[in-house]
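Below is one structure, written out as structure tokens; the observations come after it.
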Ligand code: ATP
Ligand code: MG
């Protein structure tokens with residue numbers, strides 16, 4: 001058996017759907033989670049900071065599961081153990097780790113002593129109920145181990161053939177058993193699940209997401225968390241002119257997104273009266289763009305209080321009439337903070353696929369009365385003129401209105417652990 005190459009790093013977009021296989025390796029040895037990291041490996045002198053951030057995020061994601069022990073192995077591998085945890089609890093731990101940004105692969109592994117017979121027996125047991133071809137992939141992080149990687153692979157491979165009679169296929173094996181020799185132990189495992197990839201949340205600073213109840217903005221939030229931003233959420237409801245349904249949706253969306261960043265804050269601003277005010281100031285075709293600008297101004301005022309350095313929206317170029325190039329430019333003009341639009345070049349179908357993968361699509365598709373469908377003019381301006389908008393805002397004193405709206409914000413802390421979880425930020 002020759003050494004197989006490492007699985008290619010994927011961006012982990014399938015991660016939210018596939019289940020972590022509980023069947024990793026059977027045998028008497030401790031089950032734990034081994035994770036492969038991606039870009040974090042490349043970050044040179046920042047590595048320490050990255051690792052500290054990632055370790056904190058891992059601990060936060062494992063909250064409530066019992067005590068865990070974290071070990072960093074070189075730049076690219078983290079081992080998470082749960083001493084005394086049952087296999088089921090460790091499987092739950094692996095499940096949670098799939099959502100931690102910065103992790104590229106999650107493996108449920110058996111941790112065994114550095115003894116060739118034990119390693120071989122564990123690998124043989126791991127393939128016990130498998131059919132089809134197989135390959136052994138061995139690697140040594142500890143080069144002092146008496147056998148080379150290919151010697152280990154050959155030895156274990158022969159034992160598998162003898163025990164199960166499975167045919168070897170090094171190119172496209174149906175089953176792979178991996179053996180990783182470390183300083184104090186050896187890890188044996190079969191399958192891996194792609195993680196989210198990206199950078200640890202918090203590495204890139206803080207931003208505020210404008211979260212509607214729609215499909216796009218939760219996907220935008222996920223994308224930016226994945227690039228290391230810690231986010232807070234701001235939702236505008238049509239209250240008092242609509243029911244609270246959109247707030248429930250925003251709450252459920254944040255609870256789902258909290259899996260990727262533990263300790264989320266959702267601010268809800270009742271926007272109905274402000275929309276009414278805009279309408280009676282005679283904005284007509286400019287209503288939508290004017291109210292989006294007011295949302296952005298309010299978001300900027302809140303971002304200032306929160307120390308957020310950017311705003312995030314789910315805009316995609318040309319998707320709706322308020323998202324033409326001219327209108328987006330008119331939106332940028334409303335605030336000084338940068339507006340990040342990670343979906344700008346994506347098609348709706350791509351965004352929907354992504355929403356499905358991160359588990360927000362079904363929530364976004366629930367019916368609600370969006371604040372923006374309230375008071376929507378029959379005709380929407382596709383080329384809003386900035387001077388016209390500024391003039392309307394001057395009449396209204398939009399800056400002051402935005403400051404006032406921030407004071408009406410209600411804070412919620414939707415947690416993926418449910419409502420009983422202690423709040424952390
Ligand atoms: P989404 O699917 O995210 O609702 P959309 O395609 O419906 O987006 P718009 O309604 O024009 O497009 O909204 C564009 C962006 O403006 C949203 O992605 C979101 O970031 C922000 N936004 C719109 N409505 C609200 C709201 N009620 N509260 C907070 N942000 C909002
Ligand atoms: Mg919308």
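From the backbone N, Cα and C atoms, a Cβ is placed for every residue, glycine too.
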Of 198, 282, 314, the one that TrEMBL places in the same ATP site as 210, 211, 235, 236, 292, 323 is 314
For the domain 'THUMP' (91-192), the averaged pLDDT of the predicted model is 94
Residue counts for the domain 'THUMP' (91-192) under DSSP, helix then strand then coil, are 34 helix, 30 strand, 38 coil
Across all protein chains shown, the one of the binding-site residues 235, 292 with the most other Cβ atoms within 10 Å of its Cβ is 235
Given the binding-site residues 210, 211, the candidate whose Cβ has the fewest other Cβ atoms within 10 Å is 210
